[in-house]
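Feature annotations, reproduced from Swiss-Prot:
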type    : residues                                                       : note
DOMAIN  : 1-149                                                          : domain 'RPW8'
COILED  : 95-111                                                         : coiled coil
DOMAIN  : 191-443                                                        : domain 'NB-ARC'
BINDING : Gly207, Met208, Gly209, Gly210, Val211, Gly212, Lys213, Thr214 : ATP binding site
COILED  : 399-415                                                        : coiled coil
REPEAT  : 681-704                                                        : repeat 'LRR 1'
REPEAT  : 705-727                                                        : repeat 'LRR 2'
REPEAT  : 729-751                                                        : repeat 'LRR 3'
REPEAT  : 753-774                                                        : repeat 'LRR 4'
Amino acid sequence: MAITDFFAGEIATELLKQLFTISTTAWRYKNTAKQLLTLIDSIRPTIKEIQYSGVELPAHRQAQIGMLFDTLEKGKKLTDKVLSSKRWNLYRQLTLARKMEKLEKTISNFLKNEVFTHILADVHHLRADTSVRLDRVDMSLDRVIQQVGSMKIGGGGLISEAMKRAEAMEIETNDDSEKFGVGLELGKVKVKKMMFESQGGVFGISGMGGVGKTTLAKELQRDHEVQCHFENRILFLTVSQSPLLEELRELIWGFLSGCEAGNPVPDCNFPFDGARKLVILDDVWTTQALDRLTSFKFPGCTTLVVSRSKLTEPKFTYDVEVLSEDEAISLFCLCAFGQKSIPLGFCKDLVKQVANECKGLPLALKVTGASLNGKPEMYWKGVLQRLSKGEPADDSHESRLLRQMEASLDNLDQTTKDCFLDLGAFPEDRKIPLDVLINIWIELHDIDEGNAFAILVDLSHKNLLTLGKDPRLGSLYASHYDIFVTQHDVLRDLALHLSNAGKVNRRKRLLMPKRELDLPGDWERNNDEHYIAQIVSIHTGEMNEMQWFDMEFPKAEILILNFSSDKYVLPPFISKMSRLKVLVIINNGMSPAVLHDFSIFAHLSKLRSLWLERVHVPQLSNSTTPLKNLHKMSLILCKINKSFDQTGLDVADIFPKLGDLTIDHCDDLVALPSSICGLTSLSCLSITNCPRLGELPKNLSKLQALEILRLYACPELKTLPGEICELPGLKYLDISQCVSLSCLPEEIGKLKKLEKIDMRECCFSDRPSSAVSLKSLRHVICDTDVAFMWEEVEKAVPGLKIEAAEKCFSLDWLDE
């Protein structure tokens with residue numbers, strides 16, 4: 001798309017506004033103005049389609065668009081003259097009236113020729129080309145799925161590479177606010193010009209946080225010209241402030257060389273094989289990290305570096321600027337009012353003053369605008385006063401942003417604001433498991449799950465976090481452990497900025513802003529006094545006994561341990577956290593970690609929620625100290641190691657109050673241990689994405705309190721034991737993507753409280769006749785080709801909904 005196309009669209013819009021004014025105020029031009037108004041309004045959707053299509057038109061059609069641009073430009077100047085003409089100057093009014101009639105004829109004649117036929121043909125070609133690219137994505141994903149099928153789920157680098165390549169091929173549609181402004185189009189043109197005029201090299205996109213650097217980079221990744229130039233060989237990686245450089249180097253090596261990412265990475269030169277490749281490195285913080293990631297000498301390789309700092313040569317760097325005043329007002333109004341202009345009757349000066357306080361920064365405009373949505377003018381005045389007083393001594397945009405973001409939190413109630421600040425406990429550029437977040441809010445703020453979810457949605461609506469799009473989100477029986485939220489770096493900086501105020505021992509949240517090799521020095525310098533923090537978040541690499549020092553947390557209720565290593569010594573001070581309710585242990589390394597000093601769990605008598613991710617689950621025995629108040633346990637990407645298989649093991653003695661057990665993506669789980677059926681307090685059991693699970697225990701009927709049973713995406717599971725039909729309280733059964741299952745248990749009709757069955761992508765050939773007795777059933781999700789099996793049940797059970805779902809394959813679980 002040429003820049004001319006964009007301005008043609010803008011001028012058409014302005015011309016329409018002026019023609020509307022003329023048609024209602026200037027009687028001599030009224031009829032002509034109305035005709036022009038109808039004419040231009042009819043072609044504006046077509047101009048808009050061309051404007052945003054991304055198609056680079058041939059030269060002769062560019063010339064024709066240029067002619068239209070000139071005509072509309074003349075029309076705008078003419079309407080300016082009409083609106084400024086005096087009523088007593090009859091000669092000038094008659095002259096202008098004739099010119100308007102001539103303008104109407106010119107545009108009308110222009111539309112009668114074949115120009116728009118040709119242009120619409122180009123739009124048609126774009127659609128056809130998009131269809132081809134979607135087919136290519138489908139075929140590429142099929143290849144990725146085949147690769148994943150031959151790998152272990154915890155396999156590390158090669159799977160991460162597959163995930164990143166799938167991300168690089170992803171086609172998305174963002175909302176209007178993400179693609180806002182002429183600046184984005186100009187930025188794309190300038191960056192493409194830099195990259196296309198070279199045979200490779202390192203180029204940069206720089207600018208302050210929240211200005212739209214990543215948005216521009218993602219638009220370039222999806223740009224048709226860029227994809228054609230690099231023949232879809234594009235890798236997009238997020239580096240972050242505390243990167244795992246060696247893993248990233250392996251991913252880049254695998255992408256450029258075609259070898260497996262796990263292979264050694266030699267520093268050597270390679271001959272040019274004619275294949276151009278693009279590596280986009282987002283959120284790079286240091287020159288050292290950039291040098292390490294661009295040390296390969298591959299001819300034809302282009303690297304695009306996205307950073308808040310200028311890390312590349314000035315002549316090869318595009319500086320993303322803030323929005324112009326008009327663009328800023330339009331974006332602000334879109335977020336505050338749901339439209340791109342100030343509504344009639346609302347104080348224009350007030351809107352402009354508040355928007356101007358955001359200094360053209362897109363993120364500040366979006367967050368501040370969303371926070372004012374639906375608020376009265378007096379509230380706006382109060383916000384304006386607070387913003388105007390927030391100018392820091394340092395006049396940089398970064399400093400102003402944090403103060404403006406803080407003002408955006410003023411209309412949140414204290415609990416919602418606290419929940420926002422809790423987000424600073426998670427590492428940057430990592431997806432936050434929704435289940436972990438909800439559990440923390442429930443335990444820390446004494447709210448129930450429904451209120452926690454409402455706060456989540458509220459923060460999302462105010463653009464203070466990004467909630468992943470998932471059709472299950474918010475449904476009654478939805479699982480949250482494989483749904484994620486994300487947060488922009490600047491918003492995380494705000495949470496850290498507010499949480500880290502004051503003396504370190506007096507903070508409610510003790511947080512590490514980024515990954516470090518050791519604990520922060522000021523923590524050790526102040527460890528002679530206890531810490532009052534309720535949330536403690538530690539983000540390190542491998543930790544041994546000597547790296548920990550003594551600390552006291554008498555009020556700590558939440559502990560989050562993020563690390564990247566294959567072995568990890570748990571901090572000894574956990575044993576003194578007598579109030580600890582939630583423990584989250586996440587290994588971001590490439591293989592499961594062995595945890596040492598698990599014996600300290602014996603002192604966690606109040607622990608209610610335990611999340612273990614990518615670790616070896618310790619062996620359980622009858623001598624294991626019971627966790628008497630543990631209600632929820634999640635084992636994600638873990639090695640189970642037959643932890644529950646000890647002869648005579650009474651799991652109920654160890655976890656007497658466990659109500660929710662999740663085992664997800666654990667590739668060494670072959671059979672569900674029968675000892676788990678001793679957990680008579682269990683109300684929710686989720687065994688999901690376990691590729692080797694082939695057998696369920698025969699004594700499932702012992703789980704008399706069970707209400708939710710999820711068994712989805714277990715491809716080796718061939719049968720469901722009949723004992724499932726002896727679960728009197730079961731309300732939800734999910735067996736979707738269990739492709740080896742061929743039937744439901746014959747006596748499923750005994751489940752008198754069963755409300756919902758999800759059986760997508762199951763190869764069923766029949767349905768049990770007893771299903772007509774499922775009088776509480778209200779929702780069945782199945783494939784289109786088996787929906788007919790439920791017609792008889794649909795007639796027998798009033799209010800039953802049979803939903804024929806489309807097949808959906810996802811690699812989202814690989815995203816981290």
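Even glycines carry a Cβ here, placed using N, Cα and C.
In terms of DSSP helix, strand and coil, the repeat 'LRR 1' (681-704) has 3 helix, 6 strand, 15 coil. Surrounding the centroid of the Cβ atoms of Gly207, Met208, Gly209, Gly210, Val211, Gly212, Lys213, Thr214, where the record places ATP, the chain contributes additional residues within 8 Å, namely Arg308, Val320, Leu361, Pro362, Leu363, Val490. By a simple count of nearby Cβ atoms, those within 10 Å, the most crowded of the binding-site residues Met208, Val211 is Val211. Minimal Cβ crowding within 10 Å, among the binding-site residues Gly209, Gly210, Gly212, is found at Gly209. Across the domain 'NB-ARC' (191-443), the model assigns an average pLDDT of 83. There are 23 other CB atoms within 10 A of the CB of Lys213 (ATP binding site), with all protein chains counted. Sequence-remote contacts of a segment are chain residues at least 6 beyond its ends whose Cβ falls under 8 Å from one of its Cβ atoms, and for the repeat 'LRR 3' (729-751) they are 477, 683, 704-722, 757-774, 776, 781. The secondary structure of Lys213 (ATP binding site), as reduced to three states from DSSP, is helical.
Taking H, G and I as helix, E and B as strand and the rest as coil, DSSP gives the repeat 'LRR 4' (753-774) the counts 5 helix, 3 strand, 14 coil.
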